[in-house]
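To start, the structure under review is shown below, and the notes come after it.
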Amino acid sequence: MRHCISVLGAGSWGTALALLIARNGVPTLLWSHRREHAEAMAAERRNAHYLPHATFPDTLSVTPDLAEAAATASDAVLVAVPSHAFRATLDLCAPHLQPEAGLMWATKGLDRTRGCLLHETAREILGPDRALAVLSGPTFAAEVVAELPSAITVGASSEAFGAKIVSWLHNAYFRAYTTDDLIGAQLGGACKNVLAIAAGISDGLGFGANARAALITRGLAEMMRLSLALGARTETLMGLAGVGDLVLTATDNQSRNRRFGLGVGKGRPREEIHAEIGQEIEGILAARLIHELAGRKGVDMPITAQTYRVLYEGLPPEEAVRNLLLRDPKPEWDR
């Protein structure tokens with residue numbers, strides 16, 4: 001059976017996007033890499049593990065077969081897997097993609113193998129002509145599924161593909177804006193996860209609202225420095241994919257990255273925090289990859305650097321904060 005859209009990844013965000021598109025009347029296929037999970041969703045008509053209260057409409061089907069999901073998508077494939085699985089997922093589905101099907105992704109992070117942006121990975125695997133787009137912005141899956149008002153940025157390689165995506169997503173409670181700035185849309189989504197961990201650590205240490213606001217604001221400044229160095233535009237980082245996603249993820253406890261940081265700040269064992277959250281914490285890998293990318297590009301990202309040291313070098317969180325405060329005074333914005 002042909003579908004307009006196949007969504008690869010049946011976690012909370014992949015399922016939420018599949019539900020959004022299917023509720024808009026677009027035939028959609030949702031792929032899970034675990035056969036037992038796919039079979040349970042097909043039988044129960046819901047994703048009991050992640051979004052148990054959302055019933056699947058008739059326009060949403062489920063499969064455990066990645067080749068089927070790729071081959072039957074006539075219009076586009078939407079990848080919603082963790083960043084560490086992005087390259088492998090594309091490698092596996094690439095031989096089966098329809099020639100005219102575009103590629104979208106809602107994954108927020110960098111390529112673990114090369115440390116590059118995900119559109120570079122997609123171009124490497126799929127070639128230069130495939131329509132590409134990234135979905136990024138301040139969206140929690142549970143709120144989208146509950147049909148609470150939400151908005152995102154669609155960074156698309158062509159105006160026509162961006163308009164198509166908006167037609168699949170847009171409705172009375174979900175608004176999508178387009179941009180051709182794929183770099184800014186991707187880096188906003190990747191950097192904010194690291195900064196959300198930093199904000200969580202600060203709150204876990206009990207440093208208060210002033211410190212949180214300073215971390216968010218200065219975090220935005222270093223996110224912008226890296227993004228502009230890579231060719232992004234300022235307005236993208238000041239929009240939904242940048243400041244919007246950063247504020248949401250750094251301040252609300254629905255954020256897995258923020259909750260992880262809270263636990264670290266309170267001195268809890270990492271394994272215990274991971275087990276309690278039970279899902280991917282993208283900011284951990286992103287802290288290393290973004291820190292390394294900033295080093296290659298000569299971009300100063302002090303909050304990211306101290307977060308990296310806490311996560312990978314065992315630096316006590318209190319010392320990381322002290323290192324940030326003891327930096328030499330400087331103008332707020334570079335000239």
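Placed from the backbone N, Cα and C atoms, the Cβ positions cover glycine too.
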**Message:** Need one residue: from Asp203, Asp245, the one Swiss-Prot lists with Lys108, Gly137, Thr139, Lys192, Ser255, Arg256, Asn257 for sn-glycerol 3-phosphate.
**Reply:** Asp245
**Prompt:** According to Swiss-Prot, Ser12, Trp13, His33, Arg34, Lys108, Ala141, Arg256 bind NADPH; which one of Glu68, Glu222, Glu235, Glu282 is listed for that same site?
**Reply:** Glu282
**Distance [Cα-Cα, Å, rounded] between Trp13 (NADPH binding site) and Thr139 (sn-glycerol 3-phosphate binding site)** = 9
**Structural state of Thr139 (sn-glycerol 3-phosphate binding site), classified by DSSP into three states** = coil
**Asked** How many whole Å apart are the CA atoms of Lys108 (NADPH binding site) and Ser255 (sn-glycerol 3-phosphate binding site)?
**Response** 13
**Prompt:** Can you tell me the three-state DSSP label for Glu282 (NADPH binding site)?
**Reply:** helix
**Request:** Quick one: among the recorded positions His33, Lys108, Lys192, which has the most Cβ atoms sitting within 10 Å of its own Cβ?
**Result:** Lys192
**Request:** State the three-class DSSP label for Ser12 (NADPH binding site), counting H, G and I as helix, E and B as strand, and everything else as coil.
**Result:** helix
**Fill in**
Expressed in Å to no decimal places, the gap between the Cα atoms of Glu282 (NADPH binding site) and Asn257 (sn-glycerol 3-phosphate binding site) is 7
